[in-house]
């Protein structure tokens, strides 16, 4: 019994460390906001967030969801440490080769692809930043999956802390001292990502035997490729708006919207942190047959979502003035509406937890895919006519439809 309690406390402790670690980088983004908004124009800030959004989707394509496959298939080789090392080495080398080939392809066709992706943003130097940041982060994601399956939470925290500190000090130097603008800010991100990749390499090199096994790669791709639409769907809902907006509005307007979206993520960070502790506890209570306790916890979570959402709307103006310079104050009118979308996402955590308890992963994926498709349709239909407000309508509509679909799936389970 004592050993079981020890394992439980170890799990909860690791989960808490992972949660704190994963919040370091987003928190640094908020800390840097006063620097960005004081020394960059709204247009330059819009460039930074658009490149980051593009890098986010390219990273996912480079990974092919194989970081998720590691979290599941690594345990197929329990008791076989040499096989585990070969498996991890095969996946890492495959991602390295695939992402390198894709990067070279994108660089060779820079003019053609760059003109398709960028509207107002200059190709040089931002196109190269976009590719290199994606390349570094894709490899880091594989290392992070290895760290998680090896249950070394402090290595993860160390990597996030290193990246955040480097990002802070390099950003201060290149933006304030060197006056490099958006180019300097992205250079700081690139250097920080490269440095943390080296950190992860030395941290994980003892866990990997570099070899290529076609069978390991194939079994991982069979598992991971079906997850790619779900992963991309979440990205389309969260970040595709900036890429489409860049084609139709001024960079200044894009900067206002990007800042409003960044501030609204404070609420998302809160809900995700609560959710990371909520899901395992909910599953445990349901497994023990304590349904009433599980439902009571759902009510508490819902109350937190509603109360914090309303408070965030009331305090959004104060938070904007605390973090941003006066030139960014026009972003205020967008924040309350984006917070509504975040509240929908928070409530959806509760519904999704119930569906996932019943192993309805297909239903959750279908909801995300349909919501993402709707998001793109609404973005393309409204942004050319009403600009930023089209993106806001699309965000709320996508989160609302995802919530509604998940509620529908849950009702079907209740009837059966």
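All positions are counted from 1 along the displayed chain.
Every residue, even glycine, has its Cβ placed from backbone N, Cα and C.
Since we're looking at a predicted model, the values are computed, not measured.
Per TrEMBL, the feature transmembrane segment maps to 12-33 (among others).
What TrEMBL records for 45-66 (among others) is transmembrane segment. Within its own chain, the transmembrane segment (45-66) has Cβ neighbours under 8 Å at 36-37, 91, 94-95, 98-99, 102-103, 106, 117, 121, 126, 129-131, 133-135, 137-138, 141-142, 182, 185-186, 189, 220-221, 224-225, 227-228, 231-232, 235, 239-240, 242-243, 246, 251-255, 257-259, 261-262, 328, counting only residues six or more beyond its boundaries.
The transmembrane segment annotation in TrEMBL covers 87-114 (among others).
Annotation comment: TrEMBL describes 126-147 (among others) as transmembrane segment.
Annotation source TrEMBL lists transmembrane segment at 154-176 (among others).
Within the chain, the transmembrane segment (182-203) has long-range Cβ neighbours (under 8 A, six or more residues past its boundaries) at 36, 40, 44-45, 47-48, 51-52, 125-126, 129, 132-133, 136-137, 139-140, 143-144, 147, 152, 155, 158-160, 162-164, 166-167, 170-171, 174-175. The transmembrane segment annotation in TrEMBL covers 182-203 (among others).
Among residues of the same chain six or more beyond the transmembrane segment (215-237), those with a C-beta under 8 A of the stretch's C-beta atoms are 56-57, 60, 64-66, 68-70, 72-73, 86-87, 90-91, 94, 364-365, 368-369, 371-372, 375-376, 395, 398-399, 402. Annotation source TrEMBL lists transmembrane segment at 215-237 (among others).
Annotation source TrEMBL lists transmembrane segment at 257-278 (among others).
Residues or ranges marked as transmembrane segment in TrEMBL: 299-322 (among others).
The transmembrane segment annotation in TrEMBL covers 334-357 (among others).
Positions annotated as transmembrane segment by TrEMBL: 364-383 (among others).
Marked as transmembrane segment by TrEMBL: 389-410 (among others).
At the 8 Å Cβ threshold, with sequence separation of at least 6, the transmembrane segment (334-357) comes into contact with the transmembrane segment (257-278) through 3 or more pairs. Below 8 angstroms of C-beta separation, residues 47, 51-52, 54-55, 58-59, 62-63, 66-68, 70-71, 88, 91-92, 95-96, 99-100, 103, 106-107, 110, 114, 117-118, 153, 155-156, 159, 182-183, 186-187, 189-190, 193-194, 196-197, 200-201, 203-204, 207-208 of the same chain, each at least six residues beyond the ends of the transmembrane segment (126-147), sit close to that stretch.
Among residues of the same chain six or more beyond the transmembrane segment (154-176), those with a C-beta under 8 A of the stretch's C-beta atoms are 17-18, 20-22, 24-25, 27-28, 31-32, 35-36, 39-40, 140, 144, 147-148, 184-185, 187-189, 191-193, 195-196, 199-200, 203.
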